[in-house]
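Participant: The structure that follows is given in the form of structure tokens.
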Amino acid sequence: MVTTVQRTFRKEVLHALHKAKEVNHAVLISYSRQIESLDPLSFFNYGAKKYTGNRFFWSDPESELTIVGLGKEAVFQTNQKNSERYREVFEQWERFKKTAFHIYEEEKLQHSAVGPVLFGGFSFDPCEERGSQWDHFSEGDFFVPALMLTMTAEGPFLTVNRWVSGGEDAEAVLEGLKAFAAEFMVPDFKQEDQAVIAAAEELDKDDWLKAIETATSQIKEKQYDKVVLARELLLTFDGPIQIEPVLKTLLDDQQTSYVFAIEQEGKTFVGASPERLIKRDGGTVMSSCLAGSIKRGVNEEDDRRIGLELLNDEKNLLEHDIVVGMIHNAFVSSCSEVEKPDGPVLYKTKSVQHLFTPIVGQLRESASIFDLIEKLHPTPALGGSPQEKAVDVIREIEPMSRGWYAAPIGWIDSQDNGEFAVAIRSGLIEGSTARLFAGCGIVEDSEPISEYEETQIKLKPMISALGGERR
């Protein structure tokens with residue numbers, strides 16, 4: 001467990017240095033303090049030069065919590081091709097916490113997502129034949145940032161993470177940390193003209209439509225119940241794509257979604273997902289069943305009519321029930337108590353309405369958030385049902401490399417609080433190109449053209465964030 005202290009700053013720096021000398025290797029000091037208001041996008045933009053390729057952005061629905069990480073002070077990685085990848089990251093994190101020191105100035109800094117925080121995500125399927133576009137994205141990639149901004153209802157907090165060795169001078173470490181945190185200022189982010197979409201290509205569209213026909217035939221033959229098939233849109237721009245304007249548009253337009261970005265060696269995976277996979281707050285865990293979708297209406301009356309149509313649509317209700325059942329069973333196996341409502345309600349984003357059922361549980365002491373990620377991913381909303389068979393089908397007939405699309409992405413802090421979203425409504429940006437992804441659930445009576453139109457709707461948030469409709 002991370003040593004968390006509020007006593008005299010100097011004394012605790014000495015404690016950390018003594019520990020480093022005792023174990024004969026460096027330990028991490030994580031120094032947190034409350035600061036004046038600081039814009040998260042400005043902070044993210046500030047890191048573009050010094051920390052380019054090593055930044056992370058996270059904002060939950062309604063921006064109740066925003067976390068921005070710059071640099072990689074500690075890296076946790078796995079290339080395990082099975083479920084052991086979750087345990088490997090968890091065990092690396094547990095070992096790290098044993099020699100990490102969180103030093104803060106005030107009692108109120110004992111806040112979720114302040115101090116040592118692990119950012120990152122996993123691939124959708126570690127056994128897929130990975131496309132080169134996903135180079136540098138491992139089966140699991142996580143890091144503790146060098147600098148971190150945490151925006152909460154209680155205000156903004158800055159965390160500085162630094163390795164120290166037993167031979168360092170305590171006064172130098174002390175003054176260096178305090179001076180950096182006290183004087184930290186960044187220029188305001190200023191919106192610049194974004195590159196313009198020059199070309200758009202729907203990759204393997206015909207193969208994707210044929211895959212739906214194959215899937216519906218197999219489902220009718222009772223080979224499986226459901227599979228989610230995704231497709232890819234390749235956009236080419238007239239210049240390099242800047243990530244900050246993309247994030248700003250997503251934050252402005254997709255306020256009921258998780259907005260995220262993670263950089264890896266010149267590539268940025270970015271998106272606005274409406275779907276929570278798992279959240280842990282103390283002993284309470286929460287997940288969202290989000291399956292079954294339809295477009296928004298042109299006005300309030302039309303929107304209400306379309307929403308009622310979704311709430312009474314047998315295909316979408318069946319698809320939703322499959323997801324609810326799977327998530328509920330996963331919670332029952334890891335929780336002492338589980339609660340879920342009797343039926344779904346509507347969850348509305350700017351472009352899409354979804355059937356939504358929340359599930360809440362009390363996690364057993366022996367379980368971790370990584371245990372639930374392993375049990376939940378991929379849910380039937382992202383893979384299909386039965387889980388293992390659906391993933392096999394995706395490998396066989398889906399004409400794209402998923403990489404991190406539709407996979408868990410999020411954070412966990414030193415107290416094991418954390419949250420992971422499902423990385424949908426997303427895209428992979430590199431230079432002047434953007435690969436956008438969207439999928440839909442295929443069941444027995446799915447129609448290829450109708451499913452294609454559904455993916456068109458789901459692509460809209462990212463197309464808009466990148467500069468508008470295709471030109």
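Note: Cβ is positioned from N, Cα and C throughout, glycine not excepted.
Below are the features I grabbed from Swiss-Prot:
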type	residues	note
ACT_SITE	K226	active site, proton acceptor
ACT_SITE	E275	active site, proton donor
BINDING	E319, E454	Mg(2+) binding site
Participant: Compile a sequence-ordered list of residues in the same chain as E454 (Mg(2+) binding site), six or more apart from it, whose Cβ lies below 8 A from its Cβ; state 'none' when nothing qualifies.
Facilitator: S293, C440
Participant: Given the recorded positions E275, E319, which one has the fewest other C-beta atoms within 10 angstroms of its C-beta?
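Facilitator: Taking E275, E319 as the recorded positions, the minimal 10 Å Cβ count falls on E275.
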Participant: CB neighbours of the residue listed as 'active site, proton acceptor' within 10 A?
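Facilitator: The Cβ of the residue listed as 'active site, proton acceptor' has 25 Cβ neighbours within 10 Å.
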Participant: At the Cα level, what's the spacing in Å between E275 (active site, proton donor) and E319 (Mg(2+) binding site), rounded?
Facilitator: 15
Participant: At the level of the C-alpha atoms, what whole-angstrom distance separates E319 (Mg(2+) binding site) and K226 (active site, proton acceptor)?
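Facilitator: One finds 8 Å between the Cα atoms of these residues.
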Participant: Using DSSP reduced to three states, classify the residue listed as 'active site, proton acceptor' as helix, strand or coil.
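Facilitator: Where the residue listed as 'active site, proton acceptor' sits, the three-state DSSP reduction gives strand.
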Participant: What three-state class does DSSP give E454 (Mg(2+) binding site)?
Facilitator: helix
